[in-house]
2 protein chains.
Amino acid sequence: MISRTMAADLPRHVGEHVRIAGWVHRLRVLKSVSFLVVRDRSGLAQVVLTGPLDVGEETVVEVHGLVTANDRAPGGAEVTGPRITVLATSTPPPFDLYRPTVTATLPTILDNAAVALRHPRLRAPFEVSAASVAGFRAALRERGSTEIHTPKIVGSATESGASVFGVDYFGTPAFLAQSPQLFKQAMVGVFERVHEVGPVFRAEPHDTTRHLAQYTSLDAELGFVADHRDVMALLRAAVAGMVAAVAQDAPAAVALLGAALPDVPAQIPEIHFTDAQALLARHTDTDPRGEPDLAPAHERWLSAWAEREHGSEFLFVTGYPMVKRPFYTHPDPDRPESSNSFDLLFRGLELVTGGQRLHRHADYVAALERRGEDPAAHQDHLDVFARGMPPHGGFAIGLERWTARLLGLDNVRRAALFPRDRHRLHP
Amino acid sequence: MISRTMAADLPRHVGEHVRIAGWVHRLRVLKSVSFLVVRDRSGLAQVVLTGPLDVGEETVVEVHGLVTANDRAPGGAEVTGPRITVLATSTPPPFDLYRPTVTATLPTILDNAAVALRHPRLRAPFEVSAASVAGFRAALRERGSTEIHTPKIVGSATESGASVFGVDYFGTPAFLAQSPQLFKQAMVGVFERVHEVGPVFRAEPHDTTRHLAQYTSLDAELGFVADHRDVMALLRAAVAGMVAAVAQDAPAAVALLGAALPDVPAQIPEIHFTDAQALLARHTDTDPRGEPDLAPAHERWLSAWAEREHGSEFLFVTGYPMVKRPFYTHPDPDRPESSNSFDLLFRGLELVTGGQRLHRHADYVAALERRGEDPAAHQDHLDVFARGMPPHGGFAIGLERWTARLLGLDNVRRAALFPRDRHRLHP
């Protein structure tokens, strides 16, 4: 059997007999001739037929034929004199995959993911996701970080705020991990710098365009930091690596969706939480001072301000009040009510949260007691910090949220192959 | 603050004032002088003290001092005139981390993972794992494969044989995915070639040295194959990529454990299941003909045979009986009781299972009915194959098992940071 030629390579094979294979993207029957458009992972190929053919869209076909130059064909070449073999038939797709735009609703797309995602516009976000993850890992590895894999079934909940899924673990109640937080911190004691790309689980009761019950978390943790600024520098490198990888690996996907990749400044501008509040009080008709967090409208305003003032689509907001941050957050030594933590805003939205963590056992016990929590409930977490842990910090990027924001998608579900939410457990 | 110098780089800084940081690996107090050995992610540094110092092992310290040449110091340089700051204290480790060998039992190691894995011999397997995963991904990406992330919470069990963990999904019974099988097959329809590195979950009732309740699965699936041999060629490339990455990224870890990396032949030898049985009948005192599977002793014998006859530590066994393979397995068109599937044996053990899958909807329905299973119970799986799926196949490599086998570890738990099994849910 002659080896398969990809659709995009046809122009380089004019005059040769080839074998192509793919899906029936469209069949256009004219009076004396028909055009069969075959789609493979590289693009589209036009096959010219003079006889009849009865195949539905999404039928899988193999075509032997002669590559012939034709200016009006995609890429300037088409397959003529074809011999066509049907490899598998298909029921009619739920909407026309050959049309440039998608009019199907999101539920139709999600219910039919196995076929809907073949539409180039619906597939594109996942090419961007794959490139982003590769860029994330490459940036971390270059900086001496070790990739780790941690348990997703845990004996106790790490993030007190979020809701957890219960698992029956050989008759013992257990939970799905809401983050690898404890484990990545513990592994700083072994490898100093670690990263993990894996699923995290949140039993989100809310049905929003931004939340999933399972998402892919890009986690990093870094030891021997001076403070949260070392973590911010690592995050900046990771984001720059992600954007560069998308530009290199998935430019067609970005262009197809009409998105623009951001510049990542060598130094992302930053503003302290209290300065951000003062700015908002001075320039908007709200006065958020005294509030412990920023509202979405405030994040949008600050993001626009950073673009205006600093020419940056990214903005670090630092020094969030301790009261709104997890118990493992390190306070600002000079202003203990502020934290050594940050959010990274991107195009109006919080994209990443991170910061320096507590690293001394006694500080953990005190922090939990101050919050009225029982240290015994965090035994696994606390034990690690009796073992000699260096000053450290880290961050987590939600992959689906990243991709959606980068490409301007209206729903994070468009960046998840088979999203899981309160109402969706299939397919 | 001057930037941190890594222990391994000290010889390049003789005559300079530096800052190093790490863990107290050992403190040796002699009559007139003491030696403090500091461990960081790069190695060990010797610090010479003339005054007293009271720090326990695993204390986290920062040391400022002068780098001085000394032939008897590790690497030929040591830090003199030090100023030492304690960053965090530690309780005494459960065993001596500074001794070259580890005498602690496996339960002691696992109970104290956060500190035990700092021992270079216990950390080494994870450096090999990280390199292996990077090599796997690189090999797949080079061959046009797209990385995907699929749901770990599913509405129905995919692998009928294995036991599943139940999850309470917003009040609906659900399961932890035993493999990404359905999803990776479905995504062949979108991307043609896909791979995923992620956790899979098996409620293994057995407590063996080879089984975990959660492990990391390196999955790949490939469309438009002629048969299982195309899948075997991809697997060969993936394994070669993994070995090459380990050789490049983690040679010190391999050497420390006294392991030898295998050669991966350009063409891994293969033998059909029935020929393997005939060979065993002829050359061993058992006659396995008529049995539907190979016993562990048979795998060991065949592996030794391949090494003897073909000089290969790898051996493909093809054509396993359909009756022992999952319902989605493609039969051998010429011998329908045999399958187009394979196992890859490595150093006496089955390392990978894979094969060609069914790709036509009608074949799935018939296969399930032949097994007396209700096609309706596999609705999600079946729907995909009504959508036009090309001939395809794939494989899955268990990362922990791979690492353990490569390094000759006696228990797969030594290749899992925080293993989960019937008896272990903490830390």
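Glycine is no exception: its Cβ is also placed from the backbone N, Cα and C atoms.
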According to TrEMBL, A:Arg202, A:Ala203, A:Glu204, A:Arg210, A:His211, A:Leu212, A:Gly398, A:Leu399, A:Glu400, A:Arg401 bind ATP; which one of A:Glu147, A:Glu350, A:Glu369 is annotated to that same site?
A:Glu350
From A:77-80, A:101-104, A:161-164, A:181-184, which range did TrEMBL mark with region 'Aspartate'?
A:181-184
Are there residues at least 6 beyond the ends of the region 'Aspartate' (A:181-184) whose Cβ is under 8 Å from a Cβ of it, and what are they?
148, 150-151, 158-159, 194-196, 219-221, 326, 328, 380-381, 384, 394
Let's see if you can do this one: DSSP helix, strand and coil counts over the region 'Aspartate' (A:181-184), in that order.
4 helix, 0 strand, 0 coil
Just the number: how many Å between the Cα atoms of A:Pro74 (site 'Important for tRNA non-discrimination') and A:Leu399 (ATP binding site)?
34
I'd like to know which binding-site residues lie near chain B: of A:Arg202, A:Glu350, A:Thr353, which have a CB under 8 A from one of its CB atoms?
none
Structural state of A:Pro74 (site 'Important for tRNA non-discrimination'), classified by DSSP into three states:
helix
A:Arg357 (L-aspartate binding site) versus A:Glu350 (ATP binding site) - Cα distance in angstrom:
20
Can you tell me the CA-to-CA distance separating A:His211 (ATP binding site) and A:Arg202 (L-aspartate binding site), as a whole number of Å?
9
Could you round the CA separation between A:Glu204 (ATP binding site) and A:Arg357 (L-aspartate binding site) to a whole angstrom and send it over?
25
Using all protein chains shown, find which of the binding-site residues A:Arg202, A:His211, A:Arg357, A:Arg401 scores highest when you count other CB atoms within 10 A of its CB.
A:Arg357
